[in-house]
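K.L.:
Here it is: the structure, laid out below.
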Amino acid sequence: MTPRRLRLGVNIDHVATLRNARGTAHPDPVQAAALAAAAGADGITAHLREDRRHIRDRDIERLRAEIALPLNMEMAATAEMVAIALRLRPHAVCVVPEKREERTTEGGLDVAGHREALRPLLTPLIEAGIRVSLFVEPDPRQLDAARALGAPVVELHTGAYCEVEGDARAAELARIVAAAAHAEAVGLECHAGHGLTFDSVAPVAAIPAIVELNIGHFLIGEAIFTGLEAAIRHMRARMDAARTTIGVSS
Ligand code: PXP
């Protein structure tokens, strides 16, 4: 059996973080997206946060207009973001929880706890043909709630797995493995991401039910030392190696 291909979505938020630190146009996240495409990325991910701390509305417009790769727009579940997504029509949206005071997306979306509040926000996106993904903890309850809402995709939060070591990491990986199998069993397309590095990516890439990884901060940081294209190519190689040697599925 041939392993199912694992897609790599490159998150370019932190190119915009660096740009915004000086209030100039450089470095341009859209130029980074073009380089990511040249290096073999399968998609571009960008988080339009409520406070616009990195990616701005104009960046999303330009990514849609200038980059041929599918755009995955991360966003909070708010009426403002739904309106922007409906106007700009990214290929996909990934709905994340968002708190102003956090440095990054700290946990998964509590879909099970907010199902009825999420429904009116997600339905127009699904009906518009935008692939809706929900960023959740690797918890079967959250996956079942995502399924009940009609979302076709979930993205499993790998942050807890990446933050710990040893037995604790093995336990977090086991949660991700079980959740990915559950997602597949209930008919959800399964993605994963957050905090992944060259060292932590292989065990996640090897999980056959996972079909996409979204990786940003580490790649942009590594680009300082090796260049963005080299960093992406190396990540891609590690993903492919893990997929071929361990994870095999139809
Ligand atoms: N997936 C989601 C839903 C995210 O919010 C983020 C961070 O923006 C990522 C993936 C990528 O995480 P990192 O930048 O740590 O690789």
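Placement of Cβ uses the backbone N, Cα and C atoms for every residue, glycine included.
Worth saying up front: this structure is predicted, and the values here are computed from it rather than measured.
Annotations per TrEMBL:
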BINDING   N11, R22, G195, G216, H217  3-amino-2-oxopropyl phosphate binding site
BINDING   D13, H14, R49, H54, T104  1-deoxy-D-xylulose 5-phosphate binding site
ACT_SITE  H47  active site, proton acceptor
ACT_SITE  E74  active site, proton acceptor
SITE      E155  site 'Transition state stabilizer'
ACT_SITE  H194  active site, proton donor
K.L.:
A 10 Å Cβ contact count, applied to the binding-site residues N11, T104: which residue has the minimum?
P.N.:
T104
K.L.:
Can you tell me how many other Cβ atoms are located within 10 Å of the Cβ belonging to G216 (3-amino-2-oxopropyl phosphate binding site)?
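P.N.:
Around the Cβ of G216 (3-amino-2-oxopropyl phosphate binding site), 24 other Cβ atoms lie within 10 Å.
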K.L.:
Go through D13, E74, E155, our recorded positions, and report the one whose Cβ sees the most other Cβ atoms within 10 Å.
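P.N.:
Result for the most crowded candidate: E155.
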K.L.:
List the recorded positions H14, H54, E74, H217 whose Cβ sits under 6 Å from any atom of ligand 1, in sequence order.
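P.N.:
Only E74, H217 meet the Cβ criterion.
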K.L.:
Between any two of D13, H14, R49, H54, T104, the residues recorded as binding 1-deoxy-D-xylulose 5-phosphate, what is the biggest Cα to Cα distance in Å?
P.N.:
12
K.L.:
List the Cα distance (Å, whole number) between H14 (1-deoxy-D-xylulose 5-phosphate binding site) and R22 (3-amino-2-oxopropyl phosphate binding site).
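P.N.:
Computed Cα spacing between H14 (1-deoxy-D-xylulose 5-phosphate binding site) and R22 (3-amino-2-oxopropyl phosphate binding site) is 13 Å.
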K.L.:
Within the chain of G195 (3-amino-2-oxopropyl phosphate binding site), which residues six or more apart in sequence place their C-beta under 8 angstroms from its C-beta?
P.N.:
T158, G159, Y161, C162, E163, H217, F218
K.L.:
Within the same chain, and leaving aside D13, H14, R49, H54, T104, name every residue whose CB is within 8 angstroms of the centroid of the CB atoms belonging to the recorded 1-deoxy-D-xylulose 5-phosphate site, in sequence order.
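P.N.:
Along the chain, the qualifying residues are N11, A16, T17, H47, R53, I55, G216.
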K.L.:
Should E155 (site 'Transition state stabilizer') be counted as helix, strand, or coil on the basis of DSSP?
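P.N.:
Strand, per DSSP.
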K.L.:
Non-local Cβ contacts of R22 (3-amino-2-oxopropyl phosphate binding site) (under 8 Å, 6 or more apart, same chain)?
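P.N.:
Same-chain residues close to R22 (3-amino-2-oxopropyl phosphate binding site) (Cβ under 8 Å, separated by 6 or more): none.
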K.L.:
For H194 (active site, proton donor), which of the three DSSP-derived states applies: helix, strand, or coil?
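P.N.:
Going by the DSSP assignment, H194 (active site, proton donor) belongs to neither helix nor strand, so it counts as coil.
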